[in-house]
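So that you can see what the record holds, here are the features copied from Swiss-Prot:
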- 22, 69, 139, 140, 141, 142: trans-zeatin 1 binding site (BINDING)
- 67: trans-zeatin 2 binding site (BINDING)
- 67, 139: gibberellin A3 binding site (BINDING)
């Protein structure tokens, strides 16, 4: 049975800039904001919308070595994107289903609320490092790094 874990964070960046790096430019941005984890991101199939398949290749010291994800939700008007792990990554660590959905909302001109929903399932006991509490910390760290990246004028 799929379970959900929800969290949120406020970032001091414009909604449009954050949406661009989360939805369109992440193939080039992810390795820049997570250089200690991600070697590169490859577009395998699709045009960036629903059905697009990506491979996140991790550095040699990171295990597992890759994660294949599919964009399962993409709504430009509501600024919502969902990425489901379909191979490797968390699925190699005991989870049978893992999806992260980001929904952006403008708080004010230079402040954006990011709602994060993690949907997950597992067939057996899972390692502590892949519990939604732990994986959500990684997701929030990624969002903070995106905030820093955008604040430094890198986008």
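In case you wondered, yes, glycine gets a Cβ from its N, Cα and C as well.
Positions of Swiss-Prot features highlighted on the structure.
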residue	record	Cβ neighbours (10 Å)
22	trans-zeatin 1 binding site	21
67	trans-zeatin 2 binding site	23
69	trans-zeatin 1 binding site	23
139	trans-zeatin 1 binding site	17
140	trans-zeatin 1 binding site	15
141	trans-zeatin 1 binding site	12
142	trans-zeatin 1 binding site	19
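The record assigns 22, 69, 139, 140, 141, 142 to the trans-zeatin 1 site; their largest pairwise CA distance measures 19 Å. Here the Cα atom of residue 22 (trans-zeatin 1 binding site) is found 17 Å from that of residue 67 (trans-zeatin 2 binding site). In the three-state DSSP scheme, residue 69 (trans-zeatin 1 binding site) falls into the strand class. Comparing residue 67 (trans-zeatin 2 binding site) with residue 139 (trans-zeatin 1 binding site), their Cα atoms are 15 Å apart once rounded.
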